[in-house]
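These notes concern the structure reproduced below.
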Amino acid sequence: MDITDRILQNRIVSKVIFFVLRSVTLSLVSVTRFSLFLLSFATITVPKWAYKIVTYSLTIQFNFKSLLFLFFVSICVVILVVRYRYLNKYARLPHEAPIKEAKLGPDTNIRPSEPRIGFQNYLDEFLSAISIFGYLEKPVFVELARHIRTQRVAEGNTIYLGEQSSFILVVDGCFQVFTAPEKDSAEVVEEAGQPEYRLLTEVSNGAPLSSFFTVLELFTELIPEATSKENPFKSTTSSLRPGSSTTTEAGANNASKPHMPQPKKARIIAKAKIDTTIAVIPANAFHHLVHKFPNSSAQIVQVILTRFQRVTFSTGYEYLGLSDAIFSIEKNFNSLTAYELPNYIRSDIIDDFKKEAMSEHLSQASNESFIVLRSKGAQSRLSNQYFSKAFDKEHGNFVSDIDRSTANAGDLLSSTNPHSTLLSTSVGPLRKFPLNRSYSREVGDYDISASFRDGLLQCIFKSLGVFNYELKEDNDDLCTENDSSEGDSDSLKKVDFLGQIAMMSATDREEVKSSIVVSTKKSTILEFAKEIEIIFYKKGTTIVRQGDHADGLYYIIDGFLDATCPSKLTFSTSYDTDLGMHSFMIKPGGIVNYQACVSNYRSFINVTARSDVLVGFLPRSCLERIIDQEPLISLTIAKRLISLVPSLLLKLDFAVGWIHLNPDQVVYEKNDPSDCVYVVLNGRLRSIEDERGSARTQVDYFNEYGKGDSVGELEMLLNNRRSSTLFAIRDSELAKIPETLFNALSLSHPAVGLQLSKIIANRMNLLLNNKSMDGMQHQPHEKHSIRTLAIVPSSSTGLLILFSQKLTSVLSVMGKSVKVLRQSSVLEHLGKHAFSRMGRFKLSSYLSDLEDKYDILIYVADSGVGSAWLQTCIRQADCIYILAEADQNPNIGEYEQHLIAMKSTARKELVLLHPERFCPSGLTRLWLKERPWVYAHHHVQLRIGLDNEISQNNEAKVFLNIIRAKVQNLHYGFRKYIDWKHLHPVYQANRAQDSDFARLARRICGKAIALVLGGGGARGISQIGILYALEEAGIPFDIIGGTSIGAFNGGLYAWEADLVPMFGRAKKFCGRMANLWRFVLDVTYPQAAYTTGHEFNRGIWKTFGEIHIEDFWLPFYANTTNITHSRMDIHSSGYAWRYIRASMSLAGLVPPMLSDSGDMLLDGGYMDNLTVSHMQSLGASSIFAIDVGSEDSREPMHYGDTVSGVWALISRWIPFIPKTSFPSLAEIQSRLTYVTSVATGEKVKSMPGCFYMRPPVKDFPTLEFGSFEKIYNVGYNYGKEYVEKLKTSHKLDDILSPRDTSKRHPKFLSSRRNSL
């Protein structure tokens, strides 16, 4: 076997060797052959072919026709390549998705609060009810909770609220509140079981059954009645000699004063509709609260007074037309509480005051209607002159060295320790008010002007009801129960709140200690008397204007005033209707501005000087300091006020509900029952119509309601269900007026029904005026009255404070009172715990008061991300400005992320800050596509240098952050250096009204000035001339809108807001349009139009390039006619050339333009050639509309019932045949297409706030673009004449001369300390 195997192995090896050697041999042979082939090809074949080619000859022959044909073919190829490769770059622009509108609906997870049952959320119900008290410190809350008790009331039982001396809260169930009608009314309500009562309202879970008036009565119950049975100026000496004992009665006019009226007890009962559980806080709880916490009690009373005024008074006056009831309070106060100065003071001093006032007026030669009389030093000339006369006459030069201890004439009061203070440190019954002061016997120290001021202050306090008295003894007995609840007395049980409050942490207790601020400053009456200003008003001067916030009390020293209360129904559209005028005369000793100053609210009356008048002005700040020193004085003032309130307002107080809403909280939903009307007291609401059944919520329409607006009257009267969903945009306060209240008041006071009818009529008129917008897409209606504005940075920036300062200064120049709120200012006013859990109530009350005092509040979010102040800014804003530097990274910043997380539905607007007045193409879209929730955007030029950066102490760190951010975003800054378009001169605003901040301020104030340009072909050149004339007159524009050629001109102006580049670009475009050869070469087979549209497209694209509409410096829109959906579309984003071309697309001349979604768009003039209605919906108050459309003949025609085209053609050439007017086919089609536009254009001429202009260019044809200079001059001359007419009629005063607030009432003067 071994031998055989070896033999086999040897054979195999030999075969392998053989195959290997064979393969190698064959490979070598192949390589050799290929090498020989290459060598042969290179040395023989190639030279041979080269020789043949060089020596080969070819002859080609062409005739002239062939050469001409080849030439034209070559030309066509070149034209086609250039046409479709280089000249239509506009068709190859990158597709830009349309920017979607921001979602303005509420969070779908937020719904109206469901009724709560039983005691599951009893503490929440209690907290909700006592929220009418405002901010409560925790010890005060514990004191109230300690006395609360519950009671079960069976169905049908009644409680007499008019006689109830407890605070009642409905925990579970429902009460019906009834009132007794007037004696002269025979109408009854049978459902109450008591035929003499009418239903006012229904009160259900969580709502207080007691009214504001009841709460004030509980706090002031122990305050004794302020009577004037005795003369307050009795037993004073008749001479000025110190120590004299001879007495006389001064001020004889005050000898017999009427008693103050007792507080009205309204006949109001509450009937349990079902078995109901109530919570009761008895009267003694409030009495103990007054003794233990006088400062907090005064604060609660002030909050209740303000809300009583803001809810009850304001609703009754502005909405229900109860001006007579409101006016009676001021009238009764002056008729019952007038305290004149003593005769020995009024005799000579007043004459000297008048002489000094007249001499000062003549010396100043001023046109001012008031003069603030000021002392010339510590010892005034007037006082020394008066004292020296009286002293020399009576006593010669004798002066006693003994300090005076008896009453002297001129002191008005008995002596007291000069170092006595107004407030001691003890807390208990009200101490006697130390209105007394003593003077030195030396003549140099005796200042009768100080005694005069003391007398004024005393008269003011006596008018307010502040006399020398002490509190009554507190009655600790519980208030008696009414008959209907006697059987349920066993169910009265105590509620344990202490367990809830014991859970408060040590930190919360520390917050309580720090939140109770007790003033330690002890001031004498002299220090407060120095605050009084002596002001002389000339006859006819308006001292108090209706709607102004109270800044102090006016005491009439001499002269007469007229107080008037115009009955006005003010609508949100600034439509006022005068319904009458109430008036009375205020005599010396009377008080002006009482109601507004006591409640710290705005005035309801106008007060003018009937004659030259001398008044003493006590600032509101001084009164507040006095109340801080002696808190219980506020209870006395409140008791005097509630004694003057008529019974009608008391009934209104029980029926009108006060509601506080959080952001995004829904008031009612669509299809809910309509049983009440809501009036916005503070905040902002939005109503929307949506489709809940669909997969996504489709917002079809919305409207916004600000302060003073009402919602729901039409549905309530028609007994229809709610047609929309209403929700709160931010923290809001509403007054709820039930339908039952309207029914009750309409029977006894028919004026209420008339008032409501006027509201409905005005609302229907607005709906009819808005019908012109039904054919377009549903667009949001901007509300004009922005009361609160939040400025939030996109990321950390040092321009936040500078931006807010510039905006505030412009708003102030426009006549608006503005308050800027920063975190530091709020903390300084409210303390370090202002943003704590309990401090939010105090913060909310503080912000509400500021909103009542100022026209606009600006919240500057200058805190860190996620801070409580940032959340407050967002929650309180009607509109949010997101501040960003345009040359930075457009990604969403950290502040914006926090804003998105809060899901705020307030309108958010992006403000892009540019160092130059220029925006590169496409830059704005980079910012907007990342922020679909942005509603609008603004371009603002804000230059900042190193001086501005380091102007504040804390700017060093900010400056470093700016440097770091600029380095990180450096590649964005290179855009302006490499873009050739930036090399053109940049426009600079030279006038104040042309600045970007003035434009923002006008938008905020609802005074935006808009420009609407109509279509008309070449006649639109005249619009440029009119614009030049308007700009010469100083008229700025904030929003631009246009149709057809108006869209072209408007786009050019909105691009850079400068007429110089606009003029050049427009003239260049008209030159292209005047070249008819361009359109001849563009003619094609008339499938969709007679031309391809290329030359038209290229002419517009050569003008605008790749710029987007959102890159325009001014807001701009163009309208088109969407023939796919038969509607009018508004375009405010996308490529400018594309939508301007769509707005200029005449049917038949150029094909329709396609939108991004494939819709066919034609000239917007077919639907509305002058879009004034849409411009009004954007918030413009003044609109300049320029109409250059063709005027069709309105002459009647008489061509018969049939028309022969042949006879019409022949009749033109036969002279002896009577000429008959025949319409052409083109004219008929043109009139047909413009039917809708003509109808809307006629309405424009009569719209309020619209300045309609129609230059005389009807003789120029539509395509007469070659007459540029001629048409331009016609427009310019017409514009000059129109502006002169407006100036002559003073219609441009508000636009050209914004109201300046530098000359205002003397209560705003800074130097008050030197007034006499």
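Each Cβ is built from the backbone N, Cα and C atoms, and glycine gets one as well.
Worth saying up front: this structure is predicted, and the values here are computed from it rather than measured.
According to Swiss-Prot, the feature active site, proton acceptor maps to ASP1163, an assignment based on sequence analysis. Positions annotated as nucleoside 3',5'-cyclic phosphate 1 binding site by Swiss-Prot: 516-644. Taken from Swiss-Prot, the feature nucleoside 3',5'-cyclic phosphate 2 binding site covers 640-763. Annotation source Swiss-Prot lists compositional bias 'Polar residues' at 233-256. Annotated region 'Disordered' per Swiss-Prot: 229-262, 1296-1316, in sequence order. Among the features that Swiss-Prot reports, motif 'GXGXXG' is placed at 1015-1020, with the record citing sequence analysis. Annotation comment: Swiss-Prot describes 1042-1046 as motif 'GXSXG'. Feature annotation from Swiss-Prot assigns topological domain 'Cytoplasmic' to 1-23, 83-1316. As annotated by Swiss-Prot, topological domain 'Lumenal' applies to 45-61, with the evidence given as similarity to another entry. The transmembrane segment feature in Swiss-Prot is assigned to 24-44, 62-82; the stated evidence is sequence analysis.
A map of Swiss-Prot features onto the structure.
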residue : record                                           : DSSP class
ALA550  : nucleoside 3',5'-cyclic phosphate 1 binding site : coil
PHE584  : nucleoside 3',5'-cyclic phosphate 1 binding site : strand
TYR601  : nucleoside 3',5'-cyclic phosphate 1 binding site : coil
LEU618  : nucleoside 3',5'-cyclic phosphate 1 binding site : strand
ARG640  : nucleoside 3',5'-cyclic phosphate 2 binding site : helix
VAL656  : nucleoside 3',5'-cyclic phosphate 2 binding site : coil
GLU704  : nucleoside 3',5'-cyclic phosphate 2 binding site : strand
ASN720  : nucleoside 3',5'-cyclic phosphate 2 binding site : coil
LYS736  : nucleoside 3',5'-cyclic phosphate 2 binding site : strand
ASP1163 : active site, proton acceptor                     : strand
When distances run from the Cα of GLU704 (nucleoside 3',5'-cyclic phosphate 2 binding site) to each of the binding-site residues GLU533, ALA550, PHE584, LEU618, LEU635, the nearest one: ALA550
Helix, strand and coil counts within the topological domain 'Lumenal' (45-61) (DSSP): 11 helix, 0 strand, 6 coil
Whole-number Å value for how far TYR601 (nucleoside 3',5'-cyclic phosphate 1 binding site) lies from LYS736 (nucleoside 3',5'-cyclic phosphate 2 binding site) (Cα to Cα): 20
Close in space, distant in sequence - ASP672 (nucleoside 3',5'-cyclic phosphate 2 binding site), Cβ under 8 Å, 6 or more apart: ARG721, ARG722
DSSP state at ILE688 (nucleoside 3',5'-cyclic phosphate 2 binding site), helix/strand/coil: strand
Whole-number Å value for how far ALA550 (nucleoside 3',5'-cyclic phosphate 1 binding site) lies from ASN720 (nucleoside 3',5'-cyclic phosphate 2 binding site) (Cα to Cα): 41
Same-chain residues at least 6 beyond the ends of the motif 'GXGXXG' (1015-1020) whose Cβ lies under 8 Å from its Cβ atoms: 1042-1049, 1070, 1073, 1143-1144, 1163-1165, 1169, 1187-1190, 1255, 1257-1258, 1260-1265, 1267, 1271
Cβ neighbour count within 10 Å of ALA550 (nucleoside 3',5'-cyclic phosphate 1 binding site): 22
Neighbourhood of VAL656 (nucleoside 3',5'-cyclic phosphate 2 binding site), C-beta criterion under 8 angstroms, separation at least six: VAL311, THR312, THR315, ALA735, LYS736, ILE737, LEU741
Which same-chain residues, if any, lie at least 6 apart from ASP1163 (active site, proton acceptor) yet have Cβ under 8 Å of it: GLY1015, THR1043, SER1044, THR1120, THR1121, SER1143, MET1144, SER1145, LEU1146, ALA1147
Those binding-site residues listed as PHE584, TYR601, and which of them has the most Cβ atoms within 10 Å of its own Cβ: TYR601
Lowest local Cβ density among LEU618, LEU635, VAL752, which the record lists as binding-site residues, within 10 Å: VAL752
Nearest of the binding-site residues (ARG640, ILE688, VAL752) to LEU618 (nucleoside 3',5'-cyclic phosphate 1 binding site) - Cα to Cα: ARG640
Candidate binding-site residues ARG640, ILE688, VAL752, pick with smallest Cα gap to ALA550 (nucleoside 3',5'-cyclic phosphate 1 binding site): ARG640
Close approaches to the topological domain 'Cytoplasmic' (1-23) from elsewhere in its chain (Cβ under 8 angstroms; 6 or more beyond its ends): none
